[in-house]
Number of protein chains: 2
Amino acid sequence: MKEERISPKVIERLTKYLRCLENLPQEDYISSEELAEKMGFTAAQVRKDLSNFGEFGIRGKGYQVRNLYADIEKILGVHKTNNVIIVGMGRLGNALFSEPEFTKESFNIVGIFDNSENKIGKEINGIKIRDIKELEHFINRKEDVNIAIITVPKSVAQELTDYLVKCGIKAILNFAPIKLNVPKNVVVENIDLYAKLQELNYWKEKVLK
Amino acid sequence: MKEERISPKVIERLTKYLRCLENLPQEDYISSEELAEKMGFTAAQVRKDLSNFGEFGIRGKGYQVRNLYADIEKILGVHKTNNVIIVGMGRLGNALFSEPEFTKESFNIVGIFDNSENKIGKEINGIKIRDIKELEHFINRKEDVNIAIITVPKSVAQELTDYLVKCGIKAILNFAPIKLNVPKNVVVENIDLYAKLQELNYWKEKVLK
């Protein structure tokens, strides 16, 4: 593995390969050309992306779907279950928690948190909403909670982030429309729903012209 | 305006400029260097992005925050209100509908749809959930409904998309983890929550090493 300087675009494409492979017959082989065509990339792109992580596939035969799927899962660390907490149990937090499609087997939601007295103590699907103040204690007791999904208002997102980092969280999936400042050893991915709508709107205006 | 072949990355960055500008004093001027620094891009990138759409800013002074904001909104077509429907009133659809933060003034949710008898006819915030079968009639009656947000299971997303296209929808924001096939004059943006978690997990594993 030479995984030295992988671009975020490569990792994004890996998740797309997974999406594509999961819908194919698992015993079959697929060539980089076929995979590329399904994805709308070039075969060279597919080979280059995968070559970042080692040797895959058999010359003349291509990649076995099941093996390539398993290999990419391993690269992403989703061949195992990763513990996750959700902070902010408004409608969006609730939706993310309640729909197994979003987290699947690879992510295990071990705690849900809020700061509102109306919500703390209530149960959703058998899990109690905890007071965010208990987080440090919760993480110290539980092993291996590194990932937080935060669905809180923009106005409190940075303050919450500072607290999460202090508690030992290493990865944050942020839905608040704000660029979070974190130390170098903490990673953030953003999902900005409004920004996506804006992008879509630009392309819509183009096709309507 | 020479807007010929704009890359999706440019449009994505435009939405980030907006996010950045909205938090700055509106009367102030900002140079491409300052804007670049806030964004984590280079000043050349900022100038190049904006030059795709015309001449902005004043030599030696930079861009006036309020004007640049308004200009970018215009480029994206979000200086006006765009009508939107949501199809799929499960938890996620409900969250997107109910949180004004996601759609703001630029997008006006004019209809919400589902195919479940349990949901059709119920009201959320004073809007009735309609039968998806009424969509064609709804669009014919209402002017200017081009955008659909779809939050339906993967298994029905393509079939629904075909129907939306038939009804005249031109832009789809898709939350189902599947690549939708659409005609050339229809645009799709995808938000794949599970894929984002997978990406985040990769970077988390790197920082934990």
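Along the chain as shown, the residues are counted starting at 1.
Cβ coordinates come from backbone N, Cα and C, glycine included.
Bear in mind that TrEMBL entries carry predicted annotations, made automatically and left uncurated.
For the domain 'CoA-binding' (A:77-179), the model's pLDDT averages out at 93. The annotation domain 'CoA-binding' is assigned in TrEMBL to A:77-179.
In sequence order, A:PHE97, A:ILE112, A:PHE113, A:ASP114, A:LYS119, A:ILE124, A:ILE129, A:THR151 constitute the residues six or more apart from A:MET89 (NAD(+) binding site) in its chain with CB-CB distances below 8 Å. Annotation source TrEMBL lists NAD(+) binding site at A:GLY88, A:MET89, A:GLY90, A:ARG91, A:LEU92, A:GLY93.
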Worksheet entry | binding-site residues (A:GLY88, A:MET89, A:GLY90, A:ARG91, A:LEU92) in Cβ proximity to chain B, threshold under 8 Å | A:GLY90, A:ARG91, A:LEU92
Item to complete: Would you please pick out, from the binding-site residues A:GLY88, A:GLY90, the one with the fewest other Cβ atoms within 10 Å of its Cβ?
Response: A:GLY90
Worksheet, complete the sentence: Its residues classified by DSSP, the domain 'CoA-binding' (A:77-179) shows 36 helix, 31 strand, 36 coil
Worksheet entry | Which of A:ARG91, A:LEU92, A:GLY93, the listed binding-site residues, has fewest other Cβ atoms within 10 Å | A:ARG91
